Amino acid sequence: METSTPRRAPAADAAAASSYVSMSPSPSHTPRSSTKAKRTLNNGAAIVASSPSPSPSLAKGGGGGGGVNIQVLLRCRPLSKEELSINTPVVITCNEQRREVSAAQNIANKQIDRTFVFDKVFGPKSKQQDVFNHAVVPLVGEVLDGYNCTIFAYGQTGTGKTYTMEGGGGKTQDGELPSDAGVIPRAVKRIFDILEEQSAEYSMKVSFLELYNEELTDLLAPEESKFSDDKSKKPMALMEDGKGGVFVRGLEEEVVSSASEIYKILERGSGKRKTAETFLNKQSSRSHSIFSITIHIKECTPEGEEMIKCGKLNLVDLAGSENISRSGARDGRAREAGEINKSLLTLGRVINTLVEHSGHIPYRDSKLTRLLRDSLGGKTKTCIIATIAPSVHCLDETLSTLDYAHRAKNIKNKPEVNQKMMKSALIKDLYFEMDRLKQELYAAREKNGIYIPGEQYLANEAEKKAMSEKLDRLELCLESKDKQLDELQGLYDSQKVLSADLSDKLQTLQKRMQETECAIAVLEDKYMQANNTVKEKEYLIENLLKTEKVLVDEAHTLRTELENTTDDLSGLFSKLERKGTIEDANKNIVGHFHSQLTQDMNILHRNISTSVSQQESQLKVLEEEMQSFITSKGKVAGGLQNQVREMKESFSSRIAELHGFANELNLKSRSSSEKLNAQVSAHTSDLEDCLKGLLADADQLLIGLQNGLSQQEESLTTLVEQQHEGLTRNVERTKSISATTMNFFRTIDAHALELKRILEESQASHQKQLLQLQTKFEVCAADEEKYLMEKVSGLLAESNARKKNMVRDDISSLAKTASERSNSLQTETTKFHDFTSSMNSLRLDRGIWETVRPIIAASQTQLGDLQRSHHEKTLGISGNANRSLGDEYKVDEPTCSTPTRRQINIPSSQSIEGLVTPLEDLVKSFRDSRTPSKLVTGNAKRLDLATEMERVPLTTIN
């Protein structure tokens, strides 16, 4: 039993996940009971739920195409609460757009980033729906098209494999899945949605298998004892079907017709799985689980023949690899971890072998790899979901998972669609299966020591006997092969001895031949050296002759070049003389330019100074005129102030006059009333006898007239008081305006208009009241005249005439007086408006002066600045001109370094020809200076020298 987790265990876990994904969905699952429910088709036919593996037709694939790589997806979980609380560093970076995962690794104090590319990458913020859409939705369509597909999750414990496959454990409500639902429930719902949308006739069955400590258990098997502590998980046998595939004998399959039934089956099977709490995961799965969905769909061919299409989806949740030292596993948990790591390690070896295309693939080293044999490099479409943790504590396991998942991408499967079979053939196979199951059930009930039918037992015995005979034949063949191997081994030994003797003789002959070759090589070397020496000398002489000829040619060429150079030097000296003349002229020109520039600058400075002085004088004149203008305007303003005071006094006198006029009008009204009363009394005494009957009416009329006069008097008094109050308010407002001049100018027009309006209204009201009084009095008089016409017509006519005349005179006098007062007020108002206009003009003049004064000051300042600027610029121009013409402009001064004209000695052609020595003379002098003995000695020395020289090209021959 393993007590520690291998270093490559996470990778083995990933390999196990990959191998599990590629598991063939067609292992035969023998139903334990023949009483399962049936799905009734629309035409009345029934398909009994059974595994497609017993049928030979379902085991065959459709048209096989080229290899398809296993699809590998990677999902990184977010940090847990415990990791966040201790601020665990994050070393994993996910780039979902580029489908890359980067792991930061610290090696020898250097950070090295490793990057892995997968088919799809899901970061910590990814959702269950995203994983389902990319990993499961395409495979669901393939399953419904008749393919076998496998999806499994692999990774270290606590990285979210079970959460990805099964979800967070939320309950479905009204057929809607919770947001944390995993791949399995979403795949089930997707399958049923598509089948219902297509209105297809189908049959579906599911199985749930667990691999725990290398023992297979059916999670859907019924419990045989209510008090079982093992949750009734019976170990099952893994069998081979004789065609390279494997199946689990006695695996329970349940027929389902809705997604809710599958959810219940999942919940029931998940509750039976082995789980335990470790330091890394509070609910760690201690076993591998395989949930398989098999679908039979009926199709009709164009000829009307009914065909059955079969597809299978395997959803695998692998147990996570773990490090026992970090997970805290002890005793039984340590044994569980060892078995898990062992199976995952085997799976990793299978993946490596498939990627490297090795000959032997160790499928049989683990039951997990045996189950996944057809999925790894087989006929199944496979998808691996690798899960990792981002924290630095899990870096080693994470890197191992990434390595194995990345290698699993290179595994190629050859998926084939399951062959469609006729409905009649499927029914026939199902009948055979039912008969076989009935016979097994009958034999089990008999309990006579044989729990299978006799025919099957005999068939098994015959197969065993045939296998035994085959084994004997293979053993005999092995013995004959061993004998042949021994004979060949003896022959090989004898040939080996003979070969050794021949090798010794060959080495001796090769050694002698090498010695002879060395002697020959030495002689050949000496001869070649002597010959080469002679040839070298001849070659040297020949080259010397050629060199001498070339030197003569070069000498003639140099003479020609020297003559040309002499001509160039003569031209150069002439050019230098011309340049000196030009420089002298330049100096004169520059001096003249400097004097002219100075004169122009002085003229410019005088002009600018004159202009500035003229502008200053003009500004002073303008300032004096503005000052006189302001003084005259001040005088006018003083006169206007006097006029304002006079207007105040005038308004006061006018108000007093209006008050006196009102009093006078009141007195006149009273005197008129008294006269009228006196006249009425006089007439009353004369007419006392004849008007006694009318006395009461006359008294009432007089009382009414007296009341009307009283009301008129009161209204006039009120009018006078209103006018007095209005004028008083105007006086007060005038005083406040004189105190605040600016406010007076803004409000004086409104007050004047208001005064005019009040006067006009009072005049109109007065005239209206007088007209009303006149009209009322005339009406009363007319009534009285009409009433007393018969009796006192003469008296009343006279009285009425006097009354009318008196009232008309008073009214005319009052209207005339009011008209005069109104004209006077209008005149005063017109004067007031003129005064207001004058004040506005003065205010505008003062504003203009306030505006002009800073402009004048600014202009003076600008003129001063302009004068200073012109002066500074003039000085700057003069300085620049002096610097440029006097300092910077440099005349080419003599440096005494220019070569002077000198005589060049050119060798003549005769002297050059004299340098050449004829070859015949050289040979004769050489022969005369050397004696024959010296020549012989020289030749021997030359031969010895040639012998001593190192001849590299000839040494390679030895």
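Glycine residues also receive a Cβ, built from the backbone N, Cα and C atoms like all the rest.
All TrEMBL annotations are machine predictions without curation.
Quick caveat, the model's predicted, so the values are computed rather than measured.
Range with TrEMBL annotation coiled coil, chosen from 269-296, 353-380, 605-632, 885-912, is 605-632. As stated in TrEMBL, the feature region 'Disordered' covers range 1-39 out of the listed 1-39, 547-585, 820-858. For the ranges 156-179, 708-731, 876-899, the feature annotated in TrEMBL as region 'Disordered' maps to 876-899. For G160 (ATP binding site), other Cβ atoms within 10 Å of its Cβ number 21.
Reduced to three states, the DSSP call for Q156 (ATP binding site) is strand. Taking the Cβ of G158 (ATP binding site) as centre and 10 Å as the limit, one finds 23 other Cβ atoms among all the protein chains shown. Taking all protein chains in view, 29 other C-beta atoms sit within 10 angstroms of the C-beta of K161 (ATP binding site).
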